[in-house]
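Encoded as structure tokens, the structure appears first; notes follow it.
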Amino acid sequence: MRLPNLLASRHGRLLAFFLLYVTEGIPLGFAATAVATQLRRYGVGPAEIGAFVASFYLPWAFKWAFGPMVDVFRSTRFGHRRAWILGTQLMMALTLLALMAVPLPTGLGLFTAILLVHNAFGALQDVAIDSLACTTLQPEERGLGNGLMFAGAALGTALGGSGVLFLSGWTGFSFTFVFVAAAILAVTASVVWPLREAPGLLDAPPPAGWRSAGREMQRFAGDVFRAFLGTRGAFAALGFALLPVGAMALGLALQSNLAVELGMDDAQIGWLSLATQVVMAAFMVLGGHLGDRLGRRGTLAVYILGMAPPTLYLAWALQQAGYIWPSSTPTPQPALQLALWVASMGYSVFQGLMYGTRAALFMDVTNPRLAATQFTAYMALMNLAIAFSSNWLGLATELLGYPLTLLLDALTGLLCLALLPALRAQPGLVHDGRAEARARRCALALGLLCLAWLPCSLQLPQFGKAQPLIHTVFTLVFVASALVLLAGRAELGRARRLVAWLAPLLLALPARRWLPALDWPPLVSALQGLSLLLPLAAGLLLLGLGMRSWQGLAPQPA
């Protein structure tokens, strides 16, 4: 029997993107719920689990780097985005099966490394899916479409989290890796293989050869940089994506950590995760629909405000019960288990309402011709915010206790509301005449941050368990600095040749944290010295760019 091409009809498109996002949620639920639960039972602390979950999100935080590849490299035989989705789903399944051979918790380092590779393919798949959505969904379908997509991710998270916890009681934890891989491949066979893409904005003939493709990718990256800075809405969206959109704790590992400590077994945690994900999925669809009907910015503000009360209620309940600090000895506490259930369910309602509306708002300020890169960058920065939040929440739980951590989480989640009024779609406007000033501000800020790496790196051991937070922040700084330097090469005169070498080395700096693992002290010392000199050089060049005119960003005459 020949399966239908779901992209050929409105209902088919909505179903296709729903199921594609299920494959994105499955490994997330597996790692953030099932594996995190097992690690807490093994005695791994909240800070370490927070760092583990944050590492899961990091490949997604930098998935924008895959955007130009997806936009430029394409297959005429298998389809532009379809080819990317097919290949990445196969590699996701293979890396999941490879995890079966790694023991926990002793092999947590290797387990995390393989999971990073898995998520690199998952992030690449997400770029291709988002690009396909931006060029396939009609404007009137975007709110509902994004609601369904994130609902699919939520149900996938429930399948990978709750489903695995339920199944592990029957088969053991090792077999669940096969289950997760098979679930992904089922969507590959039934949805992706029959897809046929319609010609779209990006379906020009592929560039001839790698060198030609490289030139096109450079041009494309320049266009995207101009798109980010071209309008107030697109620029404000960068800051909005970097901030936590509402309270985060009840959507991350803190929930499963606390559930284990309060004496809940795997089945009870599975039911909690399943119930919250199903509720969230239903309200994602409703949130997207309401955003289309009532306006995205106003409804999103209400949803973000609504995420704070459940978090504050749980903080109050824990404080009243005197449950302040993480415990390594699980003790059944029915009253607090009920409070966790109530808070989690209330939180899921507003988190679900928020998700679809937020993504549609980013689509509104995205240039469709640059869909894979610009929209993906917004989504990537959101994942960086999640990774950073996971790190600081785990660390704060050990240093400050649960109630104060939840209070801080609720308050920081409201900061994004200050930028929400600026996220106004301006159809047809790609340049408002202020891109040059924005570029100068970005260059100056990044230059100062690069220079700040020197004292921070010398004092890094003093940060203790907070070191992952520092690494996450400066990884973003170095990658953003490399992109701004490349975009501003024309402004640097003779120094433009230096940028051609400096930018790739800046992109490689995130690997600095693994230097101590090298068993060659002279090489380690040389590379550590280089990791200080590169940000210094980048900082000075960026400060220079902050004083230039950036005439290349000026609007071109019609």
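Backbone N, Cα and C atoms are what each Cβ position is placed from, and that goes for glycine too.
Looking at 14-31, 338-355, the range tied to transmembrane segment in TrEMBL is 338-355.
Of the ranges 108-127, 173-193, 375-394, 443-463, 527-546, the one with the most Cβ pairs under 8 Å to the transmembrane segment (234-254) is 375-394.
With a cut-off of 8 Å on Cβ pairs spaced 6 or more residues apart, the transmembrane segment (443-463) and the transmembrane segment (527-546) reach 3 or more such pairs and are scored as touching.
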